[in-house]
Amino acid sequence: MYRKQPLESLCRDLRNGTVSAAEIREQALSAEARLKHLNCFIRDGDAEEQFSKASDAFKGGALWGIPVSFKDNICVKDLPVTAGTPGMTGCIATHDAFIVKKLKSLGAVVAGKNNMHELSFGITSVNVQWGTAGNPAAPGYCAGGSSGGCVSRPWSAGLYRSPSDTGGSVRIPAAFCGIAGFRPTTGRWASSGIIPVSHTKDAPGLLTRTVKDAAFLYGLISGSNTGEPSCEVRKLPCRVGLPASLWTGLDDHVERACFTAIRRMQDAGFDCVELDDGGIYALNETLTFTIPLYEFFTDFPRALLGLGWEQKIDAVFSHIADPHVRKIIHAHLAEELISRAEAASAVRDIGRLRLQMNALFQRQNIGLLAYPRHRVTSPCQVPPLSHVTGRSFFAEVIVNTDLASNAALPSVSLPVAPPGALPVGLSFDAPTGQDLFLLKTAAHIEMLLGTSEPDIRTYW
């Protein structure tokens, strides 16, 4: 009933009493039961018990009665947190992560915890323990990851998701499933209460039906004191840079969908120009694995220590269920594959990259970068780490997402494939700190393209 209704409109109807919070909750629970095969939730017990009810204490809140679910590496008080790995079974969060606390204070209700790739170490959301997250827009195709469970639920009853993103874990699933995925400027929202991969790169994000909904949520979560320039003083349409390195090696379907979107933007007055980003691209490629793989082995145990779960550290590493994740982690535990000198060099270089990216925006007088979110379409056989055109599937997918993560840029993916086709995401990035400008401009582009409704006819 509420699948196509903008979030702001639905919130208004809840406040006016046109729609009841109980009705939304019941519809969401009904949809979860009907679509259990998509493995979107990690449940320890009854869904009815874990799906909160709207509290009268927050009835005046802007999101009162709106269900929000969280990736299962995000702490929600009194709910289990597994990070998708069996070794964390029995861990119950004693407090809320920052993003959870903020959404609860606005009146949102917790719908549960979403399935994910084990320990966030992958982009397919194949999970040996809790099942592979399904793709509601393209049944049988990969949902992406590591936050795949957050997108594997069709957008019924106003249900929204908050995942985390290290190198693309929000934006990859959004692109593969035909919805909007937003990663804020690194550090804009605190990552406290999130089981980490890398403190340098991790950020909480949003998965929403549309970019317009993401912009609405961003404004509520961040408030008015963001220090960002007013969007009203920025000229639209703006100048958009197309980084040449991120437009190469595309599948025909991806290339066609993304260039069609760019041409429509140009017809609407956007000045889209190709950029020579070769030096930046080469620098970024040296950073993809070094920092997260080095930081994980201190950040993850330290997080468990801070949560009082230090006794679980050995159990987690000993009981990793996914053979590919286990191989990676055990190889790094057995031997120092990344030296301290290499890690220090990578931190220095990530600082250089961030300076160079923001200088690029200024030098080229561009407001946004635009590029395909992924170079390949979602595979119909969901591989843990299979090979595509001679490169690992992981490397092929993450190559266009990791730049924004390393450069600390706000980034959003919006769907651009025609109805009935496999989903394709077009990515937009803005300079550091210009999150609201990014979201409002991308929402304007979304309206121009008319691609704001995910194609999930199979389930409705």
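Positions of Cβ are set from backbone N, Cα and C atoms, glycine also.
Copied over from Swiss-Prot:
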- K71: active site, charge relay system (ACT_SITE)
- S146: active site, charge relay system (ACT_SITE)
- S169: active site, acyl-ester intermediate (ACT_SITE)
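Listed in sequence order, the residues of the same chain lying 6 or more apart from the residue listed as 'active site, acyl-ester intermediate' and placing their CB within less than 8 Å of its CB are H117, S120, I123, G145, S146, S147, P163, G205. DSSP assigns S169 (active site, acyl-ester intermediate) to coil, not to a helix or a strand. Counting other CB atoms no more than 10 Å from each candidate's CB, the active-site residues K71, S146 peak at S146.
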